[in-house]
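Visitor: Before I ask anything, let me first share the structure, which is written out below as structure tokens.
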Amino acid sequence: MRWGRCHKGRQARTIPDHLGTSSNFLSPSLLSPAHMSATSSLLTVSPDRARRIFDDIEEQFRLDRDALIKITEQFLTDFRLGLSEYNQAMAMIPTFVTGVPNGTETGTFLALDLGGTNLRVCEVQLLGNHQFHLRQQKYKVSEALKTGEASALFDYLADSVDAFLTEIGSESPTMPPTSDPFTSSPSLLDMTQQPSIPLGLTFSFPVEQTALDQGKILTWTKGFSAKNAVGHDVVQLLQDAFNRKHLHVRCVALVNDTVGALLSRAYSAGGCILGSIFGTGTNGAYLERVENIKKLGDSPARQKGGFMVVNTEWGGFNNSRTVLPTTSFDNKLDRESINPRLQAFEKFISGMYLGEITRNVLLSLIDAAPRPLLFNGKSSDDLNRHYGLDTAVMSEIEEAWEVGREDPLSGHSDAPKVNGVRPDWQFMHFTDVDKLPHEDVVRLERIRGIITQRMGISASDVSLTDAAIVRWAVSLVAERAAKLSGCAVAAVLVQTERARIGGGFVPDEERIIIGVDGSLIQHYPNFGTKLRDSIRSLVGAEVEQRVDIGLAKDGSGVGGQFAIYLRLDYRS
């Protein structure tokens, strides 16, 4: 890391490229009377000491190509072990979904999605032209239901389905008719004349699935701890509730949200090999050759051959942390979490945790001794509270810097090159402190405003230098997450024989279709671009250019109904 020199002979650390123009942290504009008090603590710090602290933090988050390759190779090892045996580090759960839609299917179905604070009941009509129509209603799941008896929770699910069917039964049909042989009705209203309405359940909790309509709950997550549910078949628990309520509804398919993402993307795009979630949590499900799922033994499913969707549960990748780039900030987060030494990969890359990692970085700079390096050593109630810095605030900071920018970040595909190669971590040039553009000062002012408003730090303790440091810390954490996410995707490409680590392999497909969902991939600035950069560095441009990453439209809501279609095995 190179250093510049500020006025009066004081040295100051330069802003890394991921802050944009690489200008010094302390420029003349930042030393105006309006900012002097806020920068005074940094001015009194030994330049060598400050340099060591910042460089040490940056080095902890550094991920070069060799490290990414090592991580991807470990993914492949864990994939293959998980496909061969049960109870391995990577669960690799067979889903018994043995096909994907192609966009020509038609029909009207009922879906139930349980994955967090709300549950959704959906009526989904497949229109047969890669399009579907969705009617849905959300119902809040109370804390009492989350932690009470399982029978009460599943009775509530059944009551919600009943309420939804009653609601749509009181409305005039609004959707065009379908020619599907299963039903010629425009809505589920007329389907009530059937012996039972088939329902697909999207259940976003760990399940040991033994058939498309069978799966034992392994554990609760996301604040759920309903009693007498773990170890029981979730489909049977739901069906028992329907029976108690005398509802003519039958749960015929069980999927998780990642499988739903794959199926939804396949319907809209005409095919898909991987569905992945990059949001509050992370996971991936992909299409695997059944012959490779050796732990199925001599079961009918394996003897049938073909392909099956496998739920990787990659959020638990490398819980031993032998290859993940663990920092002191990750260790602190893990130690204080409700599940120490579990879900390691998820803690490195998911939206639930990125804000907490960044908070730990910022607090280390605030608490630097004997002199603080941030905010004059002042913190706030928000920063002092576990998970007090939301990942959404990081996104706001990145967005504030990106607005109106013409020059790309280093992660962009068209970023400036050094010796013909795009820099992996930062621009390899720095401008003089006097050349900090006015536009960048304005951007730092925007970030300064976000810090005061969203982190609760007093404006008098936030300099533009502090804003630059916060932007730097945010970028370190987010860029690492995107790079690691690329490792997971690249591993699936290699596992399915569409790529080779290091490149030099040209797949047969012109398009390798991947479905994604989640707040990070949808809304975090440049996350998708940096993820692609990671894929390119691992498997080469020949493969990366053919990868078609697209949003899996409402995968968690409609995935269950696609599984119904495949279960009933009919075609229009």
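Heads up, the Cβ atoms here are built off N, Cα and C, so glycines get one too.
Sharing the feature lines straight out of TrEMBL:
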- 54-267: domain 'Hexokinase N-terminal' (DOMAIN)
- 274-399: domain 'Hexokinase C-terminal' (DOMAIN)
- 435-560: domain 'Hexokinase C-terminal' (DOMAIN)
Visitor: Would you list the DSSP helix, strand and coil counts for the residues of the domain 'Hexokinase C-terminal' (435-560)?
Guide: 81 helix, 11 strand, 34 coil
Visitor: Which numbers of helix, strand and coil residues does DSSP report for the domain 'Hexokinase C-terminal' (274-399)?
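Guide: Across the domain 'Hexokinase C-terminal' (274-399), DSSP assigns the residues as follows: 61 helix, 18 strand, 47 coil.
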Visitor: Which whole number is the mean pLDDT over the domain 'Hexokinase C-terminal' (274-399)?
Guide: 95
